[in-house]
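Peer 1: Pulled from Swiss-Prot, these are the listed features:
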type    : residues                                            : note
BINDING : Thr12, Thr13, Ser14, Thr265, Gly308, Gln312, Gly411 : ATP binding site
BINDING : Thr12, Arg82, Glu83, Tyr134, Asp243                 : sn-glycerol 3-phosphate binding site
BINDING : Thr12, Arg16, Thr265, Gly308, Gly411                : ADP binding site
BINDING : Arg82, Glu83, Tyr134, Asp243, Gln244                : glycerol binding site
Amino acid sequence: MTGYILAIDQGTTSSRAVIFDGAMKIVAVGQKEFPQHYPASGWVEHDPEDIWKSVVATVKTALRKAKLEASRITAIGITNQRETAVIWDRATGMPIHNAIVWQDRRTAPLCAKLKKAGLEPKFTRKTGLLLDPYFSGTKFAWLLDNVKGARRRAEKGELLAGTIDTYLIWRLTGGRMHATDATNASRTLLYNISKNAWDADLLKILRIPTALLPEVKDCAAEFGVTEKKIFGAEIPILGVAGDQQAATIGQACFEPGMLKSTYGTGCFAVLNTGERLIRSKNRLLSTIAYRLDGKTTYALEGSIFIAGAAVQWLRDGIKVIGKAAESGALAERSDETQQIYLVPAFVGLGAPHWDADARGAIFGLTRNSGPAEFARAALESVAYQTHDLLVAMKRDCGNTFGKTVLRVDGGMVASSWTMQCLADILDAPVDSPTITETTALGAAWLAGSKAGIWPDRATFAKSWALERRFEPQMDGRQRKAKLAGWADAVSRTLTARAPC
């Protein structure tokens, strides 16, 4: 098949542009980091203009590397950091405030207030989500309540809101399209995932005008065309999905029971549950995996806030490594007789605990503990947290989906030590694919299949190829002892207000 597809992968710390050819092979990649802003404890912001400039720069870099004119690009697929919230002026396109990032915890008091009022069951029943600062809805409410004149302007229809995909679509199309897809909408705390519509009751509770929100489309749909002046050609935007759902698609997890986990800044495990919307009883998230041709496929998701960010802490915080890639080799040199546990609750704990007030802690230190032991504890914490997610998934699903095989992607997959540790702690095979750019690949497939130049779902799934399988090697008694120590460490970290 001929033609090129451009995937825009807008992440938490950087933006990437990946160009694929008609055979679904990567031709060129552009990447650019952008600043993070921490105006107060627990607050994390991005300047939307930084995001926009980084996206444009990476696309131009990828086109230059590929030696392609923009007119050779058949379609664009967009994938993005989810939940990050931005509100902008409808007339000028200027944001009224920095974007509030998914990691930001400033709306914890509002979430606590809503919980105290007994409203969490209503939000969960309608959205599949929990009342946590993680999600976009309370961020939108905070912006309307704390930016001078914002609520009045929103009610007059002068403002627009969205997650990062929506903001990029608006900018790319020159303000002609205010839209999102079902996966991003499902992460806002405002979208009824059973009815596939914005929920009037929830909007009323958070006092968010319906007109502020974007139109919700299928993941493979027409999201407008780019302004010619941006890249030199008008390019259709034909695919959009939140980053974890895009990775689920890129990993070809199309059948119920298939499971992937992405290891980037955080860790996100997604289990395809098919047309069945499973209501979690173990504080996982019920969400939309994707919506194609008007048909919704659901998923259970477990979200961990700190995964690769723990390695960044080793590098930037306590400076025991110079580069993230050094962490695995350093951990391999650790003293295995020491059992150190790092509970990386730097911004609270995500699933299945959902404790916004928990903070990080290290247990088991001795005088002989050093950089190698810290590195091992940081990497093992990723495996332990993933184990907690999979236990919760099994409790929700029973034996419906059979034996676990975990497909993995993200930057941490490059560490063989970490992936072997993951297989050992999970007592399950861990599969790494040949194409590691699974998030970009998922967005590209949405656009390419919609454009008619990439294969259908079944054929695409057959193209998934295994690079390496990590089989569990740890003795069962050792695994049990390690997990018991982890459970004890977590219990000591949780606050009195934690739900479990």
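Cβ atoms are placed via backbone N, Cα and C, with glycine included.
The structure displayed is predicted, hence computed values, not measured ones.
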Peer 1: Return only the integer: C-alpha distance in Å from Thr13 (ATP binding site) to Arg82 (sn-glycerol 3-phosphate binding site).
Peer 2: 13
Peer 1: Could you tell me the C-alpha distance between Arg82 (sn-glycerol 3-phosphate binding site) and Gln244 (glycerol binding site) in angstrom, no decimals?
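Peer 2: Cα-Cα, rounded: 8 Å.
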Peer 1: When DSSP states are folded down to helix, strand and coil, where does Ser14 (ATP binding site) land?
Peer 2: strand
Peer 1: Can you name the residues of this chain that are 6 or more positions from Thr265 (ATP binding site) yet have a C-beta less than 8 Å from its C-beta?
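Peer 2: Once residues fewer than 6 apart are set aside, Thr265 (ATP binding site) is near Gly11, Thr12, Thr13, Gln103, Ile306, Ala307, Gly308, Ala309, Gln312.
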Peer 1: Look at the binding-site residues Arg16, Arg82 and tell me which residue has the greatest number of other C-beta atoms within 10 angstroms of its C-beta.
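Peer 2: That would be Arg82, with the most Cβ atoms nearby.
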Peer 1: How big is the Cα-to-Cα gap, in Å, between Gln244 (glycerol binding site) and Arg16 (ADP binding site)?
Peer 2: 15
Peer 1: Neighbourhood of the glycerol site (Arg82, Glu83, Tyr134, Asp243, Gln244): other residues with Cβ within 8 Å of the Cβ centroid, in order?
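Peer 2: Going along the sequence, the neighbours come out as Gln81, Thr84, Trp102, Arg187, Gly242, Phe268, Ser303.
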Peer 1: Do me a favour and check the Cα-Cα span between Tyr134 (sn-glycerol 3-phosphate binding site) and Ser14 (ATP binding site); whole Å is fine.
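Peer 2: With the alpha carbons as reference points, the distance is 19 Å.
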Peer 1: Starting from the Cβ of Asp243 (sn-glycerol 3-phosphate binding site), draw a 10 Å sphere and report how many other Cβ atoms land inside it.
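Peer 2: That number is 27.
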Peer 1: Just name the most isolated of the binding-site residues Gly308, Gly411, going by other Cβ atoms within 10 Å of its Cβ.
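Peer 2: Counting other Cβ atoms within 10 Å of each of the binding-site residues Gly308, Gly411 gives the minimum at Gly411.
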Peer 1: Starting from the ADP site formed by Thr12, Arg16, Thr265, Gly308, Gly411, give every other residue of that chain whose CB sits within 8 Å of the mean position of their CB atoms, in sequence order.
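Peer 2: Other same-chain residues near the ADP site: Gly11, Thr13, Ser14, Gly264, Gly410.
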